[in-house]
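*Asks:* Pulled from TrEMBL, these are the listed features:
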DOMAIN    30-145  domain 'Phosphatidic acid phosphatase type 2/haloperoxidase'
TRANSMEM  72-91  transmembrane segment
TRANSMEM  103-121  transmembrane segment
TRANSMEM  128-148  transmembrane segment
TRANSMEM  154-177  transmembrane segment
TRANSMEM  189-206  transmembrane segment
TRANSMEM  226-247  transmembrane segment
Amino acid sequence: MFKFSAALGEEIFYITFLPFTYWNIDHSVSRRMIIIWSIVMYIGQVSKDILKWPRPLSPPVVKLEMRTDAEYGMPSTHAMAATAISFSFLIATVNQYKYPFELGLVAAFVFSTLVCLSRLYTGMHTVLDVIGGALISAVLLVLLYPAWDMIDHSLLTSPFCPLLSIVVPLVLCYNYPKLDYYSPTRGDTTTILGAGAGATVGFWLNNQYIAPAYTSENFRLGFPLITGKIVVVVLARFLVGIFVVLLTRQFMKSVVLGMLRYRYKFPIGDLEARRRLEVEVPYKFITYSSVGFSATVIVPLLHKLLGLI
């Protein structure tokens with residue numbers, strides 16, 4: 001159960017739930033969640049490599065994961081992501097849909113708590129790491145909430161949005177804190193910022209040329225109106241969308257990595273070369289910005305073409 005809960009704070013969850021929200025629930029909710037998620041995760045990842053607090057020692061803990069063991073521990077970005085996503089979803093939907101606030105609050109609390117506890121059970125974090133991550137995320141939500149509408153409107157309407165959405169994340173990735181040894185935090189941060197950048201450009205393009213965000217064309221599922229037909233359409237949207245997203249990711253990985261191998265002359269199996277700054281950042285940023293763009297522009301157009309909207 002806790003290994004599954006830990007997956008709720010990893011790429012497999014982000015690449016399914018966040019696009020699902022955009023395709024099937026509400027564009028405005030998805031936009032806010034993606035922006036909050038990008039900001040929170042960047043601050044969390046950078047904080048790890050600035051504070052440099054070690055993960056729990058093994059023994060005494062038993063570590064059930066190894067991929068993130070090379071990272072520092074404080075704060076837990078799983079706890080940050082779970083808190084940010086669950087509570088931003090609650091805040092963004094509670095005034096738009098008719099459901100008991102108490103039910104939404106319990107669901108958000110249970111979701112974030114399961115992810116937080118999973119980090120303790122799998123031996124990846126101390127209690128302080130988890131509490132610190134959840135508190136930092138909560139503080140950022142409180143600070144960002146008053147500016148939600150302003151940020152959203154600016155990203156949709158500003159003529160500088162596409163340029164800034166690409167340049168600012170790239171600058172942050174290339175100027176990521178340097179460590180004495182390789183850690184996957186820079187690569188993971190680049191993945192997150194790249195996905196957020198591609199999605200943000202997609203939001204802007206949709207608002208400018210396809211469907212203005214503040215009109216009736218902004219799709220909303222409407223929970224009280226759920227029927228058997230809507231469930232089938234929602235499932236079809238998701239399956240078509242996730243197929244395109246995964247296909248985009250695999251295709252762009254191959255193309256971008258092939259171009260970088262040609263440019264920097266390293267063999268296909270050279271893991272050390274792929275970890276170099278000049279390779280890792282463009283490789284992951286271009287791949288995942290393509291994923292974000294595909295999820296917000298290509299997939300909705302395909303849905304429309306197939307009659308799923």
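In case you wondered, yes, glycine gets a Cβ from its N, Cα and C as well.
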*Asks:* Considering pairs 6 or more residues apart, do the transmembrane segment (189-206) and the transmembrane segment (154-177) have at least three CB pairs under 8 Å?
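*Replies:* The answer is yes, given that the two segments have at least 3 Cβ pairs within the 8 Å cut-off.
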*Asks:* What residues elsewhere in the chain lie close to the transmembrane segment (226-247), defined as a C-beta under 8 angstroms and at least 6 residues from its ends?
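*Replies:* Result: 15-16, 19-20, 23-24, 291, 294-295, 298-299, 302-303, 306, 308.
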*Asks:* Determine how many residues of the domain 'Phosphatidic acid phosphatase type 2/haloperoxidase' (30-145) DSSP places in helix, in strand and in coil.
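*Replies:* Helix (H, G, I), strand (E, B), coil: 83 helix, 0 strand, 33 coil.
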*Asks:* Could you tell me what the rest of the chain brings near the transmembrane segment (72-91), counting residues at least six beyond its ends with Cβ under 8 Å?
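*Replies:* Same-chain contacts beyond the ends: 6, 8-10, 14, 17-18, 21, 29, 32-33, 36-37, 40-41, 43-45, 47-49, 51-56, 104-105, 107-109, 111-112, 114-116, 118-119, 124-126, 128-134, 136-138, 140-141, 145, 183, 185.
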*Asks:* For the transmembrane segment (103-121), what are the same-chain contacts with Cβ under 8 Å, counting residues 6+ beyond its ends?
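*Replies:* That would be 1-6, 8-9, 64, 76, 78-79, 81-83, 86-87, 89-90, 93-94, 127, 129-130, 133-134.
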*Asks:* Average the pLDDT scores across the domain 'Phosphatidic acid phosphatase type 2/haloperoxidase' (30-145) and report the rounded value.
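*Replies:* Summarising the domain 'Phosphatidic acid phosphatase type 2/haloperoxidase' (30-145) by its mean pLDDT gives 86.
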